[in-house]
Amino acid sequence: MLQETADVHSTTSPAVLPQVMATLATSMCMLDIGALLAYGSVSLPRITDPDSEDLVFDTAQAAFFGSVPSLGALASSLFGMVPLVRLGQRVTNLIAIPISFASWLTLATTPTIWLALLARFAQGLSTGLMALSCSIYIMELSHTEIRGRLVAIVDLSRQLGVLFGYGLGCTALSWRQLALVFALTNTIIPFIGLACLPSSPRWLASRGRMEEANKALAFFRGSAYDFQPEMQDIRNQLDKVKGSRKSTLGQLRQMKESFILRSMIILSFLMFGIQYNGLSAIGIYLVTIFNSANVGLNSYTSTVIVGVLRVLGNAVYLLVIDHVRRKLIFLVSCLMCGVCLILLGGYFLDQTLSGVLSSQGWIPIVTLSLFTFSSSISYPSLALLRGELIPTSVRSVAVPILYTLYFTAAFTSSQTYPYMVMYLGEHGTFWVFAAVNIAVGCVGAALLPETRGRTLEQITVRQQEKEESRRLNKASSTQESEA
């Protein structure tokens, strides 16, 4: 009897361990992205120190040092759709990791400023490729019941990478030594891990490699699990677009379908807007912001506190994402970000006027910590919805387009932040970011469909049905008006 119960369970529940193994290997790539984000913040005071015996960057060079990775990521987003379509997410990561390793080593040994900037651009290239492929890979291999949590682990790793970078920034290591540590800790393990895993079963199916797709899905679900119904759903959804999914141009043509265009327009606004919520700019200039705010703690210690809140935010997201409506999570976290930045702007406005709050150095620490906590919930929510709402047949092309907008906004927001502070003041800059947070949250809550509890194929079918219903209602209204 016990054996029969075990057999029933083994055939109705997919294996979790293979999916977790793939998630952990992929997450190491995101750890590298997090370290890159932190590196700019902790390195800027070091590279601009006039008393340094090493390379000294002027203001323009330092601003470019902080923002140029976004430019590299933008470039790889533009061209990243080709390897994603042709090679798949796993192989794209295997290409990106050596680029990251080489760029970290270049930073550790560079004799000139221009070579350091070039290395930062290369870091952006690798970051763009990894950002494109990591979440999609996990999303496409994971089972519906745990998809939200596995994707959350990927983003949690990015936040752990940020915290790791902030923590090392508190040490006496130079910016060159930091780069060397990151090269050795963040690139070797994920390369070995991904090399031992199969490609995404959905990507393999989209390329017509059905035998390999079956083997990959069997690996990720376990040999005792009946994965054929899931495989059949994948086949059925891909068969509707047969002949248009195997090339980049074919997928671009398919994106003209109205329900895909609708999702792309909404997600494009949100992906662009969320970078103007202060996420990138504050991350890069965090130490500078704390120095300007005259907090009571050491600025580097304050960044570690903020880094801890990043991780806690992702941990909360990990716990709730498969149990609470995703639109609600996104809306509440965006509104919390807005409130925090309004309060932070008020603190800086007081500094320029009466200075009554100048002794309350805890205010910027608390507001920035809570902003980081909230943004560590809002962005993963949007990233998950982005992947779920784009059909498998065009995901390899659509996601790079969205990331192109995302990294364009990341570059411009981080590059223009010093000028916004110059002309609007710190208070005005943070209030602009607050307004964007509120707008993005409201638009997302109003226009995005709910996806929790559905397979990727069910989400696509539901969108198609809604679009067909809208079309029929519009046609009916037109006929009634003509009558």
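Positions of Cβ are set from backbone N, Cα and C atoms, glycine also.
From a predicted model like this one, the values you see are computed outputs, not experimental measurements.
Over in TrEMBL, the protein carries these features:
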- 18-452: domain 'Major facilitator superfamily (MFS) profile' (DOMAIN)
- 20-42: transmembrane segment (TRANSMEM)
- 62-82: transmembrane segment (TRANSMEM)
- 94-115: transmembrane segment (TRANSMEM)
- 121-138: transmembrane segment (TRANSMEM)
- 175-197: transmembrane segment (TRANSMEM)
- 259-287: transmembrane segment (TRANSMEM)
- 299-321: transmembrane segment (TRANSMEM)
- 328-349: transmembrane segment (TRANSMEM)
- 361-385: transmembrane segment (TRANSMEM)
- 397-417: transmembrane segment (TRANSMEM)
- 429-448: transmembrane segment (TRANSMEM)
The domain 'Major facilitator superfamily (MFS) profile' (18-452): mean pLDDT?
85
Would you confirm whether the transmembrane segment (259-287) and the transmembrane segment (397-417) meet the contact rule of 3 or more C-beta pairs below 8 angstroms, pairs 6 or more apart in sequence?
yes
Which listed range (20-42, 121-138, 175-197) shows the maximal number of Cβ pairs under 8 Å with respect to the transmembrane segment (299-321)?
20-42
Do at least three C-beta pairs under 8 angstroms join the transmembrane segment (328-349) to the transmembrane segment (429-448), pairs 6 or more apart in sequence?
yes
Going along the chain, which residues at least six beyond the ends of the transmembrane segment (429-448) come within the CB cut-off of under 8 Å?
266, 269-270, 273-274, 276-278, 281-282, 327-328, 330-335, 337-342, 344-345, 348, 378, 382, 385, 389, 417, 420-421
